[in-house]
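Now, the feature entries from Swiss-Prot:
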TRANSMEM  57-77  transmembrane segment
TRANSMEM  88-108  transmembrane segment
TRANSMEM  124-144  transmembrane segment
TRANSMEM  159-179  transmembrane segment
TRANSMEM  219-239  transmembrane segment
TRANSMEM  241-261  transmembrane segment
TRANSMEM  273-293  transmembrane segment
């Protein structure tokens, strides 16, 4: 996962480089493969500066928490076997992603800087709002799945990937994951023009690298989850045996879509973001969820 995360930074720069038709790291070195290693070395040998007015324990704890949560989210994901086969895997993921809000909040508050605090508050509002839609969409999928275990989703989708019957939910889920991971066009927390990089503005070197790593790990995680939920994680009609290969391919394609969106769209305004989730997504997801609850009841439990 850490390796994937390191090379995702490279992939992102390559794609942005190609999209903006300029020389990115796709020129330097052997295909730019040494870039992530150079970045890591550079970030971790710098001196971690700390503002005098900041509160030290929280300042150090926040990036650590962010990164550990980003890694522990991978525990219930089946690829093809989960690390721990949790009965309530989906619930576990929801709970941990809600905890990630705290790391953002603490980092913004502990930095004792106005920019950082505004950025953190935006990030928290955004993450919490979109988590509501994510939870409701997950509920609808669990109706289709019949249990909260992520591994059973593979068996559910052997005949038909859930993205086909649930395509409105899949669209909303994808946009909500974009917002949840604070990516463009929803990267309000990092509005360069007004907030100078947002809640991690006072961080340098190691702790900053931890935030960065947490962000990219979360991106891969969300795409892996999307693959598991909608794209029949390990299933491919042509090569049903290549479990992990199928999984990785789908996740990679989704991640590239994330970067593609980033290169193509301008940033949302804050009020538009909130309008989108509370006035469009929430009513729609609720309606669809009620539909998924009531259809089996109306059709007398015919699966």
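From the backbone N, Cα and C atoms, a Cβ is placed for every residue, glycine too.
Long-range contacts of the transmembrane segment (159-179) within the same chain: residues 126-127, 129-130, 133-134, 137, 140-141, 144, 153, 185-186, 222-223, 225-226, 229-232, 235, 254, 257-258, 261, 273, 276-277, 281, 284-285, 288, each at least 6 residues beyond the stretch ends and with a Cβ under 8 Å from a Cβ of the stretch. 219-239 is the stretch from 124-144, 219-239, 273-293 with the greatest number of Cβ pairs below 8 Å to the transmembrane segment (57-77).
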